[in-house]
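In Swiss-Prot this protein carries:
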- 1-18: motif 'Unconventional nuclear localization signal' (MOTIF)
- 1-21: region 'Disordered' (REGION)
- 79-91: compositional bias 'Basic and acidic residues' (COMPBIAS)
- 79-98: region 'Disordered' (REGION)
- 198-216: motif 'Bipartite nuclear localization signal' (MOTIF)
Amino acid sequence: MASQGTKRSYEQMETGGERQNATEIRASVGRMVGGIGRFYIQMCTELKLSDYEGRLIQNSITIERMVLSAFDERRNKYLEEHPSAGKDPKKTGGPIYRRRDGKWMRELTLYDKEEIRRIWRQANNGEDATAGLTHLMIWHSNLNDATYQRTRALVRTGMDPRMCSLMQGSTLPRRSGAAGAAVKGVGTIVMELIRMIKRGINDRNFWRGENGRRTRIAYERMCNILKGKFQTAAQRAIMDQVRESRNPGNAEIEDLIFLARSALILRGSVAHKSCLPACVYGLAVASGYDFEREGYSLVGIDPFRLLQNSQVFSLIRPNENPAHKSQLVWMACHSAAFEDLRVSSFIRGTRVVPRGQLSTRGVQIASNENMETMDSSTLELRSRYWAIRTRSGGNTNQQRASAGQISVQPTFSVQRNLPFERATIMAAFTGNTEGRTSDMRTEIIRMMESARPEDVSFQGRGVFELSDEKATNPIVPSFDMSNEGSYFFGDNAEEYDN
């Protein structure tokens, strides 16, 4: 965590390592994705999948979910203790799609969790390789971020649907560790904290006893993670207040919602990583690529390069647009659900449209959907340029207090202007500046009011040609000033339901 004074790169968090130099980081991240690839190849063999079936993203997701479920200690324990009808706690499985006589068939597969764990460990030199599991969780989370809207969840916790750009990682499981915490948006953590405080208000024993002590530690840890995402002293000071509160209640909820709103202009630092489906790593390993020897980074050219050379397929429903399905998966692969569409379009080399205009539903197929009419098509996941992923909120003034980009949480470190309507945002801050955090609130509002829309974020940063792996010649794009592109405008996506 940033506040503990140990700044580790997110590759280190992802691979659970202590401080390492760049080469060691690249090697350990390479070992992690190589392990995922080896596991995937072995699973395809077990399931007797053809080459084409193994490249189907829906099969990849089923296999990924099986291994995540096999290692979900908490849920496994819960299932053992609360046996439910028709669920074998020792087994895991899902839909596998096969091509038969020119048609796609769905087949439900079941495996012993023990067997899956054995295959996973074997692919990872006998280790549990938690980092690889977290990597898969982040890929699923990025896919959810691009596919679903969280309006209902926002409204339930008293937040505003306009804060959707703060919700990165909102579907990540609790057990996703430091790497998971790094990619969570400000709104996601605020929401977790508010849920906690609400439970404490409704349940007298929530903070009491031995369990309550553990709860309290978790609460303070989450507060520290959130504090570490804020870049201004006033925002951090309010987080200290929230963390030290003896008996967190409505005042703290108020403070947290205020902070979430302020993060629309004073953006927090949220990490972005390109996590790809397991089948992509599998394809590379199968073609003889040695990830550990070559090294790999989640935030540089490597994922772009991997996607340039991978052919992945997807099932397509009758009235879906394959190009739109490709856009959805491309955004998920680069963790770009919250990026400015102008920037994404430039990097991808084809226009990226807002979600409200996509003719495609989610990637996963529900068990009651008719397979008769299913077709499949190639996903176009290639890009025109590549760019470095960022973990800053894109605040302009030396990355400190200033205008970040509204309704956007930047993914790529690429210069852009900040077209935003400050009046709209400031309207959310009328009135309430009293209470014990009043001076900090006033300070935050003052900073937000002085934010200038003509400022530029990531000054001088550009994209790179795919041949420029050392990032020597940045190409700084120029964007149309007037329209900022949020992916969520005119949103009609489905809600995320567990």
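These residue numbers are counts, starting from 1, taken along the chain as shown.
A Cβ is built for glycine as well, from the same backbone N, Cα and C atoms used for every other residue.
Within the same chain, residues 110-114 sit at least 6 positions outside the compositional bias 'Basic and acidic residues' (79-91) and bring their C-beta atoms closer than 8 Å to a C-beta of that stretch. Here the motif 'Bipartite nuclear localization signal' (198-216) has, by DSSP, the following mix of helix, strand and coil residues: 13 helix, 0 strand, 6 coil. Under DSSP, the residues of the region 'Disordered' (79-98) split into helix, strand and coil as follows: 3 helix, 8 strand, 9 coil.
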